[in-house]
Amino acid sequence: MGSVEAGEKKALGWAARDPSGVLSPYSYTLRSTGADDVYIKVICCGICHTDIHQIKNDLGMSNYPMVPGHEVVGEVLEVGSDVSKFTVGDVVGVGVVVGCCGSCKPCSSELEQYCNKRIWSYNDVYTDGKPTQGGFADTMIVNQKFVVKIPEGMAVEQAAPLLCAGVTVYSPLSHFGLMASGLKGGILGLGGVGHMGVKIAKAMGHHVTVISSSDKKKEEAIEHLGADDYVVSSDPAEMQRLADSLDYIIDTVPVFHPLDPYLACLKLDGKLILMGVINTPLQFVTPLVILGRKVISGSFIGSIKETEEVLAFCKEKGLTSTIETVKIDELNIAFERLRKNDVRYRFVVDVAGSNLVEEAATTTN
């Protein structure tokens with residue numbers, strides 16, 4: 001197939017239908033391939049902790065049926081007449097955002113992820129009024145502006161986590177000028193995002209300390225991920241050893257936790273960068289901030305430009321994600337294991353290698 005703008009296309013994925021979060025086969029339709037669209041056959045898709053929040057309606061904004069998945073790697077099957085960046089056969093990626101207004105300050109600054117009218121890759125409504133559905137499916141149609149090329153020679157299953165976990169770490173390091181060799185950084189939480197934080201920061205030449213709630217992952221962090229140090233956050237003596245020593249901490253923890261112990265670890269002008277999606281208010285005492293001119297900031301995924309940069313960076317440095325592949329009919333088991341933190345460190349669903357059996361009612365969304 002070449003440059004075609006045909007009718008709607010059928011897709012088959014796995015969807016959650018209610019806040020139980022249980023996924024099952026689901027048939028639906030995609031919009032026709034528009035002039036700026038890329039029609040993609042999904043090869044694989046990473047599982048992010050945010051997917052749990054969405055399928056379980058933890059944020060109170062879920063719409064069902066919902067096909068999750070926003071770390072999507074696939075092959076281009078068809079392109080619209082105005083598509084110039086991609087051709088049939090290209091291996092491409094799609095992340096968290098698939099639309100934006102294009103005219104606000106974030107959009108004009110190539111920071112489309114901060115657009116107030118951004119469109120999520122799933123659990124949202126596209127400009128044509130149709131629900132967006134994610135990458136736990138056989139196909140997707142995405143505007144070319146929100147598609148990136150996967151570097152030649154990069155394994156598809158390794159590329160998938162970089163589209164969210166990887167760029168989520170890379171973006172604040174780039175934005176805050178924290179890419180220089182010799183910095184001392186902390187990674188709080190060693191999950192899918194945290195493990196990429198260790199690898200990327202080490203590749204930038206940083207001294208990296210992993211901060212975790214127990215010592216269960218100490219050997220893994222140092223022996224396999226390359227961390228320089230490991231501190232158990234519940235050990236006061238260990239935390240005291242870190243006092244006033246770190247240039248930054250990347251906080252990936254997605255549940256409530258006090259910030260005071262980590263603010264105390266930062267140097268003058270140190271930065272605590274929050275990434276976990278938490279609906280419970282966090283707390284800290286202001287002297288820890290004002291007496292060290294410290295910064296508490298948030299950072300949300302990364303832009304398309306930054307996604308391209310992190311893919312190129314990881315290819316250049318030979319960085320790989322630590323993953324476990326599963327078939328699509330193992331999604332519910334994988335989600336349950338992820339809830340229990342029973343994965344090292346990212347699940348990637350082998351969509352193309354799965355048997356997408358059509359068992360469910362069809363919708364015309």
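Backbone N, Cα and C atoms are what each Cβ position is placed from, and that goes for glycine too.
It should be emphasised that the depicted structure is a prediction, and the values quoted were computed from it without experimental measurement.
According to Swiss-Prot, the feature Zn(2+) 1 binding site maps to Cys48, His70, Glu71, Cys164. Listed in sequence order, the residues of the same chain lying 6 or more apart from Glu71 (Zn(2+) 1 binding site) and placing their CB within less than 8 Å of its CB are Cys45, Gly46, Ile47, Cys48, Gly93, Gly95, Gly135, Ala160, Pro161, Leu162, Leu163, Cys164, Ala165, Val348.
Neighbour count (other Cβ atoms within 10 Å of the Cβ, all protein chains): 26 for Val193 (NADP(+) binding site). As annotated by Swiss-Prot, NADP(+) binding site applies to Thr50, Thr168, 189-194, 212-217, Thr252, Gly276, 299-301.
Look at Swiss-Prot and you will find Cys101, Cys104, Cys107, Cys115 tagged as Zn(2+) 2 binding site, backed by similarity to another entry. Long-range C-beta contacts of Cys115 (Zn(2+) 2 binding site), restricted to its own chain and to partners at least six residues apart, with a cutoff below 8 Å, comprise Cys100, Cys101, Cys104, Pro106, Cys107.
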Discussion item. For the Zn(2+) 1 site (Cys48, His70, Glu71, Cys164), what does the 8 A shell look like? I mean other same-chain residues with CB within 8 A of the CB centroid.
Written reply: Cys45, Gly46, Ile47, Thr50, Asp51, Gly69, Val72, Gly95, Val96, Ala160, Pro161, Leu163, Ala165
Item to complete: Could you say whether, by DSSP, Glu71 (Zn(2+) 1 binding site) belongs to a helix, a strand or a coil region?
Response: strand
Item to complete: List, in sequence order, the residues of the same chain other than Cys101, Cys104, Cys107, Cys115 whose Cβ lies within 8 Å of the centroid of the Cβ atoms of the recorded Zn(2+) 2 site.
Response: Cys100, Gly102, Ser103, Lys105, Pro106, Ser108, Glu112, Asn116, Lys117, Arg118
Item to complete: Could you work out which of the binding-site residues (His70, Lys216) has its C-beta surrounded by the smallest number of other C-beta atoms within 10 A?
Response: Lys216
Worksheet item: Minimum Cβ neighbour count within 10 Å among the binding-site residues Cys104, Cys107, Cys164, Leu190, Ile301: which residue?
Response: Cys104
Fill in: Residue with minimal Cβ packing [other Cβ atoms within 10 Å] among the binding-site residues Cys48, Cys101
Cys101
